[in-house]
Amino acid sequence: MAETKDAAQMLVTFKDVAVTFTREEWRQLDLAQRTLYREVMLETCGLLVSLGHRVPKPELVHLLEHGQELWIVKRGLSHATCAGDRAQVHTREPTTYPPVLSERAFLRGSLTLESSTSSDSRLGRARDEEGLLEMQKGKVTPETDLHKETHLGKVSLEGEGLGTDDGLHSRALQEWLSADVLHECDSQQPGKDALIHAGTNPYKCKQCGKGFNRKWYLVRHQRVHTGMKPYECNACGKAFSQSSTLIRHYLIHTGEKPYKCLECGKAFKRRSYLMQHHPIHTGEKPYECSQCRKAFTHRSTFIRHNRTHTGEKPFECKECEKAFSNRAHLIQHYIIHTGEKPYDCMACGKAFRCSSELIQHQRIHTGEKPYECTQCGKAFHRSTYLIQHSVIHTGEMPYKCIECGKAFKRRSHLLQHQRVHT
């Protein structure tokens, strides 16, 4: 029974994690948005392969790698039943199916497309061996029509170099070629597909009103409201609402960091993290605050900074309802309620609630004092100690007794004094 459950959890297809655009939607995206889309889709492909899943459609991966236009590839049915009308695979150049798509290439963070040594130009034998899906080389012209007749359950392949020999009818290859990756027209409901082709979102969420162009997207979205998490990690039991999130989570257990920076050699678990890291070397800071003109390398940092101006605190503690502007601060705060101290000092065994406290404590053992007074040169291992010390030079006495008005340089001195009145 457990084996059946595990098997069901591993049934992740590219359809589950693909995000698609119509031609009109694609044209509305700017260069940065298109690049981000390609990076995320390629990362998803790589993670699926690294977990032993079948390689997604080769023509899509080829387009992603070579930066060609990526609007929806629709498969029509007939002139009478579908507004899509036998839509074709749009490319500017003839698309070459990559014959060998290796798992190792994905894990390096880039795809290596190796040419087949076979002289046979048809798309032929398919075999899944040692994690590699090996395909013979085949070409499709821009006018090639991959027309799937869903109501008959038949695949019709037309175009240069595509034969119908028995090698083409391997079950694995048929499933691979005919996978419902982007959109499949329904002969029984042509009106529904006409809406999808028109760029409308007929499937509405009753909870929040958000619209989707496919029922499956609506079903997946509804898990946000229901809290349903059908994808469970076999290693730790943690559950997720989407298969793509489970795949990314799995790298935590493997410890794998397949995306390496060519500049400094630093490795990352996700391609998106590598892309965020890259501006450190270029010095680029594209995100500028309109309030104070401060610029940021990453969008996430810019969003966090912007909350200092708006006062927004979207992260609320469920225990005491205290709100925070930063998710990390909420996580640190939550430990107050649990009493957990997960950060242990290797030198003395003392435990701390957050990593910053551990770092400060470790300076006692190392003798490091990074905070130096510009007036006298005295150094401290905590910034708060430097702030307290600087009052000596300024003569400031910010801590005043409410009872008698006497002022003190330090808060601790004020607390000692207040005992006189009690």
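Note: Cβ is positioned from N, Cα and C throughout, glycine not excepted.
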For the feature zinc finger as recorded in Swiss-Prot, pick the matching range from 1-23, 231-253.
231-253
Choose the correct range: of 31-53, 399-421, which one does Swiss-Prot annotate as zinc finger? Give that range.
399-421
Intrachain neighbours beyond the zinc finger (399-421), with Cβ under 8 angstroms and 6 or more residues off its ends:
388, 391-392
Going along the chain, which residues at least six beyond the ends of the zinc finger (343-365) come within the CB cut-off of under 8 Å?
332, 335-336, 381-382
Counting only residues 6 or more past its boundaries, what in the same chain has a CB within less than 8 Å of a CB in the zinc finger (371-393)?
360, 363-364, 409-410
Write out how many residues of the zinc finger (287-309) are helix, how many strand and how many coil, based on DSSP.
11 helix, 4 strand, 8 coil
Averaging the per-residue pLDDT over the domain 'KRAB' (12-83), what integer do you get?
56
